[in-house]
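So the structure is just underneath, and the comments pick up after that.
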Amino acid sequence: MSRGDEQSEAGESGAPEQLALIRETVRERKARQPRAKPRTWRNAERAARLPVARVLVDKGMVHLDRYFDYAVPAAMDEEAQPGVRVRVRFGAGEREGRREGGGLVNGFIVERRADTDFAGRLAPLAQVLSPEPVLGPELLQLCRAVADRYAGSLADVVQLAVPPRRARPEQQPSPRRLPRPDMPEPGGWSRYPQGPAFLAALREKAAPRAVWTALPGPQDWAVELATALATALAAGRGALAVLPDGKAAARLDAALTALVGEGRHVLLTADAGPEPRYRRWLAVRRGSVRAVIGTRAAMFAPVHRLGLVAIWEDGDAAHSEERAPQPHAREVLMQRAVTEQAAFLLGAHGCTVEAAQLVESGFARPLTAERETVRAVMPRVRTAAEGDEARDPAARSARLPSLAWRTARDALALGPVLVQVPRRGYVPRLVCERCREPARCRHCSGPLEAGAEGAALRCGWCAREVVDWHCGMCGGGRLRGSVFGARRTAEELGRAFPSVPVRTSGGEHVLETVPGGPALVVATPGAEPVPEGGEGYAAALLLDGWVLLGRPDLRAGEEALRRWLAAASLVRGHEAGGSVVVVAEETLRPVQALVRWDPAGHALRELADRAELGFPPVSRMAAVTGPPQAVAGLLEAARETGLPAEAEVLGPVPLPVPAAGRPRRPGDPPPGEQWERALVRVPRGSGAALASALKTAQVRRLTRREGPSAQLRIDPLDIG
DNA sequence: AGCACGCCGACT
DNA sequence: GTCGGCGTGCTC
């Protein structure tokens, strides 16, 4: 037993004498019996039929990405079925029966076989952990496809797909499956010319695929998505919806419960806690529940007879898994739609370039309302220039342009007003307030960064504190970029509208809903509460647009538009007095797209730009990151392992040093090391070859230990 | 990654 | 002759 375990025991048991007693007992037990080692089964009788178990060993190392055969002791014959969790000895092998060698590792049986192609003597399975077949053939196939797509190992993907075991839920039966619900009415889908046809195809168990640009409205999307899920259920098929966060998932859950009642679907989100979550996952796996609503980990949910996969707001960064090999929910669900012949529904208020690409390539059809429908239900959207400050002194100190101030004042007579302010820390860089020159460090010319509120100004490269900054160009002494946080904005607005309650939502304190009456609701993007009563906000002010637009990222425009549309969708239509003011330069493309409410058009133009630049999703990219020789070595090896001839290597370039004080993330270089990054680009059709060549090269370098290892990332997020 | 095997240099 | 350095390769 390790030190850490002893310490945690001390923490729980309190009294020191008791602790000493426990230590004694542990030591005695250790001395007498070398711990409760499971039987070795070395000479045990083997299963009569199919005595070989092919096992996926649960070690993520890419160069171990294959199966291993083990002998099945007769005593385990019945339980050792494909899909169950087992423990096996793995590592330095048994030598002439002398040593047992190797530690016990977890794994999954993927197949029972009559024979093996392994020349040596098979080691026996050590233990069947539970008879629950958690990794069935369909899920295994999906994991394999995802691992290949992302140049990762099967074991890594399986770890994402199969939740850790909990004994209690496994020992309890799942509830009986309820009969199919009634077929729902199309409802809001009738507002889309192709909507009823999409539902009809679902009813007929076909596999339609659609990119759905949802009409604005605070609740409509959830009801419509629920209708699609319920239609699949009513047709006797399973359905799965993946949403970016627990809040959105809860909304869809409520909408679906209203439609089909309880017991026919489960909510798979992290905040349920591990044991209830595993219980629900098991209910899905066992087929007693056929519909799943969840956040990204639910993308692998083993739904029986899957008829529909849906993703909401595919542009949200939360859809990208952080753990290796970082699969994206949209890609995984596309894969499932194809292999499981399920319908595919990608919905959002905005439109990503990837979604536009799905339409362009013919993978999916657009599911969009007519222009006149959009115009009828959208709020009035106007732009306000930043300089155009209000005359009202309080509004001025809240940095409200006069149009924004007037709009808020008028709308407050009708209902709540949403004020969207970018998150602090989102600011790309600090600039001189007078001449807009980026603020640089006097010593190393690195970009200056404002840390947490009240913290000193620092250089993002050398971390030196800056005490008395002056602009190197014009001598100005004031910076902009230190955007007001939501709280500060709320304070200022409170002064500008003294008789109105002000609520804030963001960061640690996210509000789900707010009362429907007049109030100012200050929220950061993604944390906008929904007004109660279903009417929506009377107005929304989208402040500091330059912050969102100014990020040094290929997606800055798309992302800004996405966040604005998400907020503006919570505002009532213009006929009901709904109004949106965006504080940003009106000539910019995303701003125009918001004013015209044309996200699909915006995405198409972005897609055309990407095509011209050869950027994803028009091409497929991989990022290779690491010490210079590792990057060079991997690229060189990949040329010998089948890198497509059309592959283009961009870079390598030095990786920017992560800002001082930011917690280290996977993919960051260790402190003091200068890493590089190269991008490898291939035409879209060669993505599989790219991933496979890089993976093979990676395996080869790891097994031969040819220098330090590099990190591999397919579809890197932060390019440009 | 661990971990054992193996083939050369200083030692009882 | 034998112990053990860590370079190379495998893990059913």
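Each Cβ is built from the backbone N, Cα and C atoms, and glycine gets one as well.
The feature Zn(2+) 1 binding site is assigned by TrEMBL to A:C432, A:C435, A:C471, A:C474. Marked as Zn(2+) 2 binding site by TrEMBL: A:C441, A:C444, A:C459, A:C462. Annotation comment: TrEMBL describes A:55-163 as domain 'Primosomal protein N' 3' DNA-binding'. Annotated region 'Disordered' per TrEMBL: A:162-190, A:654-675, A:700-720, in sequence order.
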**Report entry** binding-site residues compared (A:C432, A:C441, A:C471, A:C474) - highest count of Cβ atoms within 10 Å
**Finding:** A:C432
Report summary line: Sequence-distant contacts of the region 'Disordered' (A:700-720), meaning Cβ under 8 Å and at least 6 residues beyond its ends, amount to 61-63, 149-151, 317, 320, 325-326, 328, 331, 552-554, 615-616, 620-627, 629-631, 633-634, 637, 641, 667, 679, 687, 690-691, 694
Query raised in the report: Rounded to an integer, what is the Cα-Cα distance in Å between A:C432 (Zn(2+) 1 binding site) and A:C441 (Zn(2+) 2 binding site)?
Result: 13
**Report entry** Pairwise CA distance, A:C471 (Zn(2+) 1 binding site) versus A:C459 (Zn(2+) 2 binding site), rounded so that it is a whole Å
**Finding:** 14
Query raised in the report: Could you count the residues of the region 'Disordered' (A:162-190) that DSSP puts in helix, in strand and in coil?
Result: 9 helix, 0 strand, 20 coil
Query raised in the report: How big is the Cα-to-Cα gap, in Å, between A:C474 (Zn(2+) 1 binding site) and A:C459 (Zn(2+) 2 binding site)?
Result: 20
Query raised in the report: What are the DSSP helix/strand/coil residue counts across the region 'Disordered' (A:700-720)?
Result: 5 helix, 4 strand, 12 coil
Requested in this report: Tell me, roughly as an integer, the mean pLDDT over the domain 'Primosomal protein N' 3' DNA-binding' (A:55-163).
Outcome: 89
Query raised in the report: According to DSSP, which of helix, strand or coil covers A:C441 (Zn(2+) 2 binding site)?
Result: coil
